[in-house]
Amino acid sequence: MQSSWKLGRLAGIDVYLHSTFMLILAYAGLVLGGLPAILLVVAAFSCVLLHEFGHALMARKFGIETEDITLYPIGGVARLRRMPKSPGAEMAIALAGPAVNVVIAAILALALGIGLFDGPGDMAILGAFAVNLLSINIVLVLFNMIPAFPMDGGRVLRAALTGWLGRVRATMIAASIGRGLAILFGLFSLMRGDWLQVILAMFIYIVAGAELRQVLAEGRSDSDSDSHNDSDDVWVAPPGFRWVSRGKGVWQLAPIVVHTTDRRSSWR
């Protein structure tokens, strides 16, 4: 991770800050209003970090460790050492992140509701800060629960569909929704001249495609493992026959039937 700086290690997980994160701090300081904006960005990304730890600690409940967590200008990424295969585990891990932001938002709303920040001067400033942070956490929940990859809602959707459609088809649906929304969001942002959101849309499109390619590759890998029947031996079929998989590592010789009328080959 040469392009990232290590912030420390928490709960056995290394935490990194990507070097491009400095861009958003510079943007906050120069464009959004100096030190108060920088502090709000730091607080917001602290909530993002807690969000990622929600994923990581829930994954640990299912025996999946997290390699590291990295904060980027567009959010955080928790790199799990392996992806959950069980739809129930995937759904629980996906929901754990937004659940953290729901808790943070609830605490802030309660503090504001009981008048904890009421008062003049510094208390009024803290109150405005809390309102902004509350809004950010609500946005994080709503954005992450969009049912499309790479958002958490996309993983929830895939987990819900896997039982009926299988993991690959469920991923294709969630990834297609993610790519479609990214295109619409990108075009809308382009018309508004909001280049930061255009970059975010490009990121969503790319990551949605990467998730689909990863699942397709896993499917091919599983198929290859099954076709070899846990053996490195190469089985050669006799002339006129070929090996046909019957599933669960069972293979059977089947004759090649040639249809002379249309000159195509098939087997039974």
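From the backbone N, Cα and C atoms, a Cβ is placed for every residue, glycine too.
Database features, via TrEMBL:
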type	residues	note
DOMAIN	41-112	domain 'Peptidase M50'
DOMAIN	128-184	domain 'Peptidase M50'
TRANSMEM	20-50	transmembrane segment
TRANSMEM	91-117	transmembrane segment
TRANSMEM	123-149	transmembrane segment
TRANSMEM	170-189	transmembrane segment
TRANSMEM	195-212	transmembrane segment
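Beyond the transmembrane segment (123-149), the same-chain residues lying 6 or more positions past its ends with a Cβ under 8 Å from any Cβ of the stretch are 36, 39-40, 43-44, 47-48, 51, 97-98, 101-102, 104-105, 108-109, 111-112, 117, 155-158, 171, 174-175, 177-178, 180-181, 207-208, 211-212.
For the domain 'Peptidase M50' (128-184), the mean pLDDT of the prediction comes to 90.
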